[in-house]
Amino acid sequence: MDKILIRGARTHNLKNVDLTLPRDKLIVITGLSGSGKSSLAFDTLYAEGQRRYVESLSAYARQFLSMMEKPDVDTIEGLSPAISIEQKSTSHNPRSTVGTITEIYDYLRLLYARVGTPRCPDHDIPLEAQTVSQMVDQVLALPEGSKLMLLAPVIRERKGEHLAVFDEMRAQGFVRARVDGKLYELDEVPKLDKQKKHSIDVVVDRFKVRADLQQRLAESFETALSLADGIALVAPMDEDEDVEEIIFSARFACPVCGHSISELEPKLFSFNNPAGACPTCDGLGVKQFFDARRVVNGELTLAEGAIRGWDRRNVYYFQMLGSLAQHYGFSLEEPFDELGAEHQKVVLYGSGRENVDFRYLNDRGDIVKRSHPFEGILPNLERRYRETESATVREELAKFLSTQPCPDCHGTRLRREARHVWVGDRTLPAITAMPVGEACEYAAGLSLTGRRGEIAAKILKEIRDRLQFLVNVGLDYLTLDRSADTLSGGEAQRIRLASQIGAGLVGVMYILDEPSIGLHQRDNERLLGTLTHLRNLGNTVIVVEHDEDAIRLADYVVDIGPGAGVHGGQVVAEGTPDQVMNHPDSLTGKYLSGRKKIAVPAKRTPRDKKKLLKLKGARGNNLQNVNLEIPVGLFTCITGVSGSGKSTLINNTLFPITATALNGATTLEVAPYDSFDGLQHLDKVVDIDQSPIGRTPRSNPATYTGLFTPIRELFSGVPEARSRGYGPGRFSFNVKGGRCEACQGDGVIKVEMHFLPDIYVPCDVCKGKRYNRETLEIRYKGKSIHEVLEMTIEEAREFFDAVPALARKLQTLMDVGLSYIKLGQSATTLSGGEAQRVKLSRELSKRDTGKTLYILDEPTTGLHFADIQQLLDVLHRLRDHGNTVVVIEHNLDVIKTADWLVDLGPEGGSKGGQIIANGTPEQVAEMPQSHTGHFLKPLLERDRA
């Protein structure tokens, strides 16, 4: 069967969709945000493919696998086992790294265990165990006729007279020994100074090198090795011999200091195994510590609350500081930064063993005196963090924690022995610290000879292939030791994609969710090459995507629409890209064919050179002393290839600087920089990112945007509610009173099933409505509170048209393209892009002062061309009110409408971190060194035509 037949798909908003998709092709599903693309791809095709596969397993196996709900569809034929690769960030486990997720690290461990050469950490001498035959061969390879002696080093740098050693040697029939570098007959050895360290080597044999000595040498070596615990020396008898002293070892041990290592095993290189993990940080690579910079506000005095929790409101702690100040003679009324270094040290780290006389005023007004050392603010926090059993206290104290690389392993996570094993000229931590692109080149050029070459051949092939796949999906700037929880959703998805290609499966249905997120146009071509490679292996690749290049490259395109939410859920057009382009009803087709387009502004808003935000000397992560200038009151786009430093510059430097100064944020970490100028032009900063608006099913757009409070007030104002004495709290599902107590306002009850997935069944008391019967009897304009929460934003906008406060907030949700989501939709079901737009609408609905800095990170995630047009209207509206809008973006349709561009590069990772171009889009398009300009130029020319 060469087709996938879908009949009667009704999942979510799909309207009885019938669709026939070709197998083993690259299929792109596109359409407006909320039109039903994910419902078709993930909730219908993937859910059914995965469910059928899991159902084929035994009941015992099924209990370990989560099973998906059966989608609402009549029939699906021609399905393969399905693998979904979504944007969810991979792991919040601090032990997961890029290397471990892609399994490259497992192969590297195997490589180092099988062909690595351990070296002594102190003397840098290879710890290679040699057989007696190898030792004999090495000696016989020396110039023939060389006069040599074979020594057994029985004492190494040890104090004493060692008389017993000499007696033992004589008893065994030995005649000579080398003591502290001088040769003596055993009967003539001078008395040794027992206070000094000595070295004693017994002469086991003396010989001239010639070919027939094999047997004799072998026996002599065995004698020497047994005497000196596996170590032997060959030294010239005369100083004029042209032979250097050679050390031989029969075990993995340093011949100089005796540092030994057991046989190399892969677990020695695992930081998740006690055998390999650094004992100081347990393989995490970082140590947490209470950071004085986070605890203290140095501009305030101790009396004003320089240290949170130790001010006048906390009488007990403040009295302690008062007694401390009296003892050491400093003032509580002086800014903390101006106190002497000694006084600061005492406050932060304690008085050591020195007793301080403390005076406390107890509840009865009596003065109590005690004398004891002062613990210190930071040790006090550490102790409380360690001892507390309260999650709230721990969470509060965690705000003062910072991390630093482990002082022992320097962030490599491995124990000392594992850090000193070499393959070629690199250790394992050196390879994992390289960007993937460089590691790929290194692995390609690594050639091992002989037995090692044979052992390493297969392992190296796997490593090279997997590194190449990461390069192909545009991740050449990542390092293998990068922690997985620092990856963006797009990066995590492309890592999974690379792992899947590495698996080399055939006959599978892959379903991907916007793999081009966070990718620069230049890297996009490589990603599309990867997708076609997956297809060419013999797989069906289904991609939910808005990227123009991906749609044009597809074998088959499905356009879902025509609108969003209830107005969507139908197949508007399907076929080859050309067929969709020429379809009269396809919105996607209109944008692809150029009948509709996102226009370039006729003229750019000029910048005022006197009104600039100036950031100097930014050098976080890979930034190379960058000086950034952002025009105030304009729409600025920060562009650059993936990994060039955009997020570090804006999210980790510009945002925390401005948020700390304008919003009073206290716990944000700022990447290193020299100076910042221009705060006088701003009064607040708003960061609109893609983190969830809430992590529980109780959070929803209505609660987040502040709509729910006025809605509850409306309901409590209904005559029936007033006569019953219901206040706004009655209509909250988070507190007792009006909610259904059987499900505590959740509307569903979780039922744990053992070998089936946990199921959530509608509460049989309230039938999923969250409220009790009495609350639901109150109606506003004929609707209950439950029915209002079930409305889409569009329906609610019409319903509350006469209530200006609500209408305005609902209109802003419509303006950012969220007309299709429900007011009470659980926050956990919103995508990153949707969550970001809910946040944007909340900011839009506030009265703006025209002096706000808005920062957005890739707001076009999940947006169709028509949605992008809506978003741009909103961003330009903010700009027209005098606000400063800074957007990190790869989408060329957004970039071309910006007033000002700042392009970072030239490449990603260590080859990036510089501003290579800034100016208007037209100016950047003419700059040959800018990758962004290269792709922008033809677009501007086409749109101006």
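The chain as shown is numbered from 1 upward.
The backbone N, Cα and C atoms fix where each Cβ goes, and this holds for glycine too.
Bear in mind that the values here come from a model prediction, so they are computed numbers and not experimental data.
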When Swiss-Prot marks a stretch as zinc finger, which of 2-29, 254-281, 282-309, 870-897 is it?
254-281
Of 740-766, 794-820, the range Swiss-Prot labels zinc finger:
740-766
Six or more residues beyond either end and a Cβ under 8 Å away: which residues meet both conditions relative to the zinc finger (254-281)?
95, 100, 106, 108-110, 112-114, 116, 118, 120-123, 125, 127, 153, 156, 231, 233, 247-248, 287, 406-409, 412-415, 417-418, 421, 428
Cβ neighbours of GLY31 (ATP binding site) where a neighbour is any other Cβ within 10 Å:
29
How many neighbouring Cβ atoms, not counting its own, are there within 10 Å of the Cβ of SER35 (ATP binding site)?
29
How many helix, strand and coil residues does the zinc finger (254-281) contain under DSSP?
4 helix, 2 strand, 22 coil
If you count Cβ atoms within 10 Å of the Cβ of SER642 (ATP binding site), leaving out that atom itself, what do you get?
26
In terms of DSSP three-state secondary structure, what is the assignment for GLY640 (ATP binding site)?
strand
